[in-house]
Amino acid sequence: MKSLSFLAALSLLASTLPLVISSDPSPLQDFCIGVNTPADGVFVNGKFCKDPKLATADDFFFAGLHNARAVTNAVGSNVTAVNVNNLPGLNTLGISLVRIDYGVKGQNPPHTHPRATEILVLQEGTLFVGFVSSNGDGNRLFTKTLNKGDAFVFPEGLIHFQFNVGRSPAVAFAALSSQNPGVITIANTVFGSNPPINPNVLSRAFQLDPKVVIDLQNKF
């Protein structure tokens, strides 16, 4: 009987373990204000914890997300991140936020978040959005055209994008399931690595002439 109980408990643990390790660690205290210096602090999940007795409301506050951001880069978007690096009260809480401003025909190019699922809500404009499933699922493309008030979810780690298909600028807000989700922009990573990836590697991978690869690397 004891053996059966042990096996049942072990099975339950095995079934829940993936849920435990699939997102940021759950905190064991009310909060852990992230600081970069070890003075009187304890290192927790990438940051030192500020003495909780010294915490103030400002540690949990970020202002100005209502303000439009200038869009001047080549891809036509501006991402304003609110994560543990500029809102220290997020440390250990497993969540963050971004505001994305899109110019006309602007895009948030194909990218991934290695540590987070993302849910995006469109505040203004019209966006064409989508993600691609993994190799094992056949690299299927899931897309949708979003209008004001619509939401769309991008699963953790999958390549996704947003493109402004409207005639005016667009604005979206997105929540992510990590205090520091990270971002890997595919084109920048592949063609703009430091040092550059050998063009012969990329030419075979993308079935391109090496001269085309070198030209792309020069752009990034």
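Please read every residue number as a count from 1 along the shown chain.
Cβ coordinates are placed from backbone N, Cα and C, and glycine is handled just like the others.
Within 10 Å of the Cβ of Glu118 (oxalate binding site) there are 22 other Cβ atoms, across all protein chains. Marked as oxalate binding site by TrEMBL: Asn108, His113, Glu118.
If you look up TrEMBL, you'll see His111, His113, Glu118, His160 marked as Mn(2+) binding site.
Annotation source TrEMBL lists disulfide bond at Cys32-Cys49.
Per TrEMBL, domain 'Cupin type-1' is recorded for 63-214.
Taken from TrEMBL, the feature signal peptide covers 1-22.
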Residue pair Glu118 (oxalate binding site), His160 (Mn(2+) binding site) - Cα distance, angstrom, rounded: 10
Extra residues within 8 Å (Cβ to Cβ centroid of Asn108, His113, Glu118), oxalate: Val98, His111, Thr112, Ala116, Leu120, Phe154, His160, Ala174, Leu176, Pro181, Val183
Cys49 (disulfide bond) versus binding-site residues Asn108, His111, His160 - nearest by Cα: His111
